[in-house]
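Encoded as structure tokens, the structure appears first; notes follow it.
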Amino acid sequence: MSLLLFDATLCLLLLVLALASILSRQLVHGVILYIAFGLMMALAWARLATPDLALAEAAIGAGLTGALCFSALARQQLHLPVVLSWPQRLWPAVFVLLMLGGVLAALLQLPPTASPLVDVAQAELINSGVSHPVTAVLLNFRSWDTLLELVVLLLALLGALQVAPAAKATTSWPLSLSWSRLLAPMVILLAGYLLWAGASQPGGAFQAGALLAAGAVVLRLNHQLNWLRWSNFWIRLLIVSGVSAFVLAALLAMLLTTDNTDVIWLRWPPQLAGGFILLVELFATLAIALTLTLLVVGEPAAAEQAQQNSGGEAHD
Amino acid sequence: MMVLLLVLPLVGALLMLLWPKIAPLLTLLTATICSLAALQLLLQVSEQGSQQILLAGWPSGLAISLEANSLSCLLILLTTVLQLLVALYAFATYRRDKLGTGFWPLSSLLQLGLTSLWLSRDLFNLYVCLELLGLVAVALVSLSGDKAIKPALNYLLLSLFGSLCYLLGVAMLYGAYGVLDISALALQWQTNILSTAALLLMTLGLMLKAALWPLHGWLPAAHGAAPAPVSALLSALVVKGPLFILCLLWLQLASAPQAVAIAPLFTGCGLAALLLGGVSALRTPFAKNMVAYSTVAQLGYAMLALGLLLRFNQPLFAAALWLFVLAHALAKAACFLAIGEITATLGGKRLNTLKGASQTMPLAMFAFAVAGGSLIGLPPSGGFLAKWALLQGLWLQGDQLLWLLAIVLATLLSAAYVFRVVVLAFDRADPVAPDFAPRILPQWLALLPALAVWAMALYSEPLLRLLKQEGL
């Protein structure tokens, strides 16, 4: 009974927060409400028994997206009051309602049986090298999808680097600086734990990377870690390492396949699968953390290049 | 071979990100090797039949399946060859046009996304490919700098909306049948509200991403704002990716009643695209926008062929559909490169800039006219082959006079906008003076795909046979 009450409150709160963040008159309020919405959403995922999603939602949806919105707001120069006429508001609403109605009507027809693939996946779990099914799907059964998703993340950064506006000089607040320094070791420890735990329980590269990124973003916005920029070769190497470690591991696995069956792309040798997955996850974590940090901080590549050219000569 | 085609552009792109200085050379190298590999794969497949692999060595259903049939191989070959041509053009002009260093790794990743899309036969993997393609395309459009931010952002938002619609459809199908592999899904397919709703949602998303009429509004601005090599890649290849998935869905998954029910929508949209896109191309004052609107119109032929194929189930329409895709890709690449070269040299975006271009830049103008011939469908070009297959199919069905008339009207419209440019270019009384001496090499590179599309006619028989068999 109490759980039902909790769920009902959560659903209501989600709806209220979503509406409030859309309807709030000031963008700042909207962002704050949106962060609260993200946290509630994470709770909702946890209630739906998907802790992996809950962790990701808390780290990305509430944490990093909130920081991204705030830093975007800080750089926004114009304050244009956007006034939409009623028809302009009405058409999207009608469209969304119609689509939502259709989708809901269709979803009511969903059969209650679970997918036959779940049994197959559970049966093959012992051969996958990890004991957590989500990690097994992500890094073994459907690793090609994950590899391409890492490329998508990299692409998001490449696109953002091109359009990023010039950074505005801001001063940092001493309290937030010392607080973020205090938090940093804790964040690293937690991220390490999440990564390690991913093999057997909820967690893994994406959640760990997002957490690390959150710590780095706070420090970076407080003008620490100034070497953390795209023009730095080593940072670039680490960002690219997520995908390249994946590819190299796959090539290595191809070489290690000694039996006479034909070589198959992305098949980990069954005895070494756990090791391969941990290796891939480790680099993926670092790459995800750095990519997300640079995405949120968002400094233009061109300006950095110029700065590096002038500074680089002094170094040499 | 398939894996090589996927891994090589990826590794190349990663190396380019690390060492931007060698990026142009590396792009040319990977594109050359991939073109040869794609040719090899095509020959292999046409001899031994289609190849299938299950990635990561898991049983079917759990693993992602890739399939290389002759259509996929043809499309891969088209992708790699156009990639090579555009990379050569970009290499010849990047210093002059101040093309950002971002172009090289992005174009390699574009090749990766397209190749994996042509090969994939898994609904969720196709979503990832779509996402990859959409983001690369937006990043490429934003290479133009500040003026491209608005079209790029519109493109991004609409593309994300399209992806989400597609993903929602995939989630519904997975919820209903519990499999993602297309061939496995086709075996269990039932005609009910759920599958129809999922198909319609996915169709909405894909039509938005492929800029099929009436969801084409973002295309002219985005393709017009991008640098010339980027527009060529986007118009020739990127919009074809979602179209391919759309065909996969309706030809392999949908049951016969569903296919027949949707056919009028596709033929209607195709016809409207042909007529209204053609009229827009006639009216726009900007050179690149005209070529972009012509893409909207030409995609109408593909839509029309798809609709007729669903309705009559006649293999000639499948051949027409893919011939249109191939011919349009080559012709449009030539058009964009030629127009890009002319507007860069003569300095201006408006069509008036092209005045007297047949005198100042004869080679580029020739490339545009030759490619335009294929867009109109003059014999013996690739465009003519496609249109001939379409007309022959209609003729065999009998009593389709209305369609024949509509196609004739669309042809006249495309002839009108091509000749609008050609007439302007031959107005030699007071030609627009070039800003600097026109360069020969980029003009030749623009001419190559135009010649290739006319050369398609030489291979008409094997092409027709192959596409009639394997129009998915």
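The backbone N, Cα and C atoms fix where each Cβ goes, glycine too.
Per TrEMBL, the feature domain 'NADH:quinone oxidoreductase/Mrp antiporter transmembrane' maps to B:120-412.
Annotation source TrEMBL lists transmembrane segment at B:68-92 (among others).
Taken from TrEMBL, the feature transmembrane segment covers B:124-143 (among others). If you look at the transmembrane segment (B:124-143), the same-chain residues 6 or more away from its ends with a CB under 8 A from one of its CBs are 64, 99-100, 102-103, 106-107, 109-110, 112-114, 116-117, 149, 151-152, 155-156, 159-160, 162-163, 166-167, 170, 174, 180, 209, 222-223, 225-227, 230, 233-234, 238, 241-242, 245, 248.
According to TrEMBL, the feature transmembrane segment maps to B:155-177 (among others). Residues 123-124, 127, 130-131, 134-135, 137-138, 141, 185, 188-189, 194-195, 197-202, 204-206, 208-209, 218, 222, 242, 245 of the same chain sit 6 or more residues outside the transmembrane segment (B:155-177) yet have a Cβ under 8 Å from a Cβ within it.
Tertiary proximity for the transmembrane segment (B:197-219) is limited to same-chain residues at least six positions away from its ends with a CB under 8 Å from its CB atoms, namely 130, 134, 151, 154-155, 158-159, 161-170, 172-173, 176, 239-243, 245-246, 249-250, 253-254, 258, 262, 269-270, 272-273, 276-277, 292, 295-296, 299-300, 303. Among the features that TrEMBL reports, transmembrane segment is placed at B:197-219 (among others).
Annotation comment: TrEMBL describes B:231-253 (among others) as transmembrane segment. Packing against the transmembrane segment (B:231-253) from elsewhere in the chain are residues 75, 78-79, 82-83, 86, 89, 107, 110, 113-114, 117-118, 121, 126, 129-130, 133, 136-137, 140-141, 162, 166, 182-183, 185-186, 189, 199, 202-203, 205-207, 209-212, 219, 222-224, 259, 262, 288, 291-292, 295, 299, 302, 306, 309-310, 321, 325, 328-330, 332-333, 336-337, 340, 471-472: each is 6 or more residues past its ends and has a CB under 8 Å from a CB in it.
TrEMBL lists B:259-279 (among others) with the feature transmembrane segment.
Residues 210-213, 216, 219-220, 223-224, 231, 235, 239, 243, 246-247, 250-251, 254, 259-260, 262-278, 280-281, 284, 317-318, 320-321, 324-325, 328, 332, 335-336, 339, 375, 386-387, 390, 393-394, 403, 407, 410, 413-414, 417, 471 of the same chain lie 6 or more positions beyond the ends of the transmembrane segment (B:291-310) yet place their CB under 8 Å from a CB of it. Residues or ranges marked as transmembrane segment by TrEMBL: B:291-310 (among others).
Beyond the ends of the transmembrane segment (B:316-339), by six or more residues, the same chain brings 71, 74-75, 78, 82, 85-86, 89, 228-229, 231-233, 235-237, 240, 243, 247, 287-288, 291, 294-295, 298-299, 301-302, 305-306, 308-309, 364-365, 367-368, 370-372, 374-375, 381-383, 385-387, 389-390, 392-393, 396, 442-443, 445-450, 452-453, 456, 463-464, 467-468, 471-472 to within a C-beta distance below 8 angstroms of the stretch. Look at TrEMBL and you will find B:316-339 (among others) tagged as transmembrane segment.
What TrEMBL lists as transmembrane segment is B:360-381 (among others).
Per TrEMBL, transmembrane segment is recorded for B:401-419 (among others).
TrEMBL lists B:440-459 (among others) with the feature transmembrane segment.
Counting Cβ pairs under 8 Å to the transmembrane segment (B:259-279), the top-ranked stretch among B:68-92, B:360-381, B:401-419, B:440-459 is B:401-419. Residues 271, 274-275, 278-279, 281-282, 290, 293-294, 297-298, 300-301, 304, 308, 369, 372-373, 375-377, 387, 390-391, 394 of the same chain sit 6 or more residues outside the transmembrane segment (B:401-419) yet have a Cβ under 8 Å from a Cβ within it. Listed by sequence, the residues of this chain that lie at least six past the ends of the transmembrane segment (B:68-92) yet keep a Cβ under 8 A from its Cβ atoms are 2, 5, 24, 27-28, 31-32, 34-35, 37-39, 41-42, 45-46, 50-52, 99, 103-104, 107, 110-111, 114-115, 118-119, 228-229, 232-233, 236-237, 240, 244, 322, 325-326, 329-330, 333, 337, 439, 441-442, 445-446, 448-449, 452, 466-467, 469-472. Counting only same-chain residues 6+ beyond the ends of the transmembrane segment (B:360-381), those with a CB under 8 A from a CB of the stretch are 294, 298, 327-328, 330-332, 334-335, 337-339, 341-342, 345-346, 354, 387-388, 411, 414-415, 418, 421-422, 425, 431-434, 438, 440, 442-444, 446-447, 449-451, 453-454, 456-457, 460.
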